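Shown next, in structure tokens, is the structure this report addresses.
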Amino acid sequence: SGGLTYSASLKYKLACGAVVIVFQGRYSEFYYPALQPGTHLLSFPEAPRDQLLSHIAPRIKAAITRLETSPPPPQQQKHADTSPPQHGDTSPPPPASPLPPPASTPPHLALAAREFAVRQLSEAALGCYWYKALLAYGGLYFAESGAHVPKEVQLG
């Protein structure tokens, strides 16, 4: 995400359940301030190529190494279906997955990023955000003067 123009891809990257590396840019979405570097993603400053290679790249490598060597988060207990087959059920067991089991548990950062996306960027959560944003905008639009606008809102 980031770059020279607006990019809507960060929410999709967060939802993938992988470690997300972002470069701080000029453009952002409303939810960016809620993301915590080191908790939901790895964030680094944008820099010219020479500084990127000499200063930022080693920091990225160190952060990834820390993630790879950190202990996995506690696993949630999975409850297997241990109920006996129903009488007369002659259906074969489900086929084994063609995919091998994952080599390891995703880093805590990836799990937190996915959880953030699922909870904060769902259709219902976005609807709630836009509803509240439009209510707030209505209050500003119909304010009689700047004196009626909350101090948190900067007017030009």
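Including glycine, each Cβ sits where the backbone N, Cα and C put it.
Where the annotation comes from TrEMBL, it is an automatic prediction and has not been curated.
As annotated by TrEMBL, compositional bias 'Pro residues' applies to 91-105.
Across the domain 'Glycosyl transferase CAP10' (3-45), mean pLDDT in this model comes to 88. TrEMBL lists 3-45 with the feature domain 'Glycosyl transferase CAP10'.
Among the features that TrEMBL reports, region 'Disordered' is placed at 65-105.
Secondary structure by DSSP for the domain 'Glycosyl transferase CAP10' (3-45): 9 helix, 10 strand, 24 coil.
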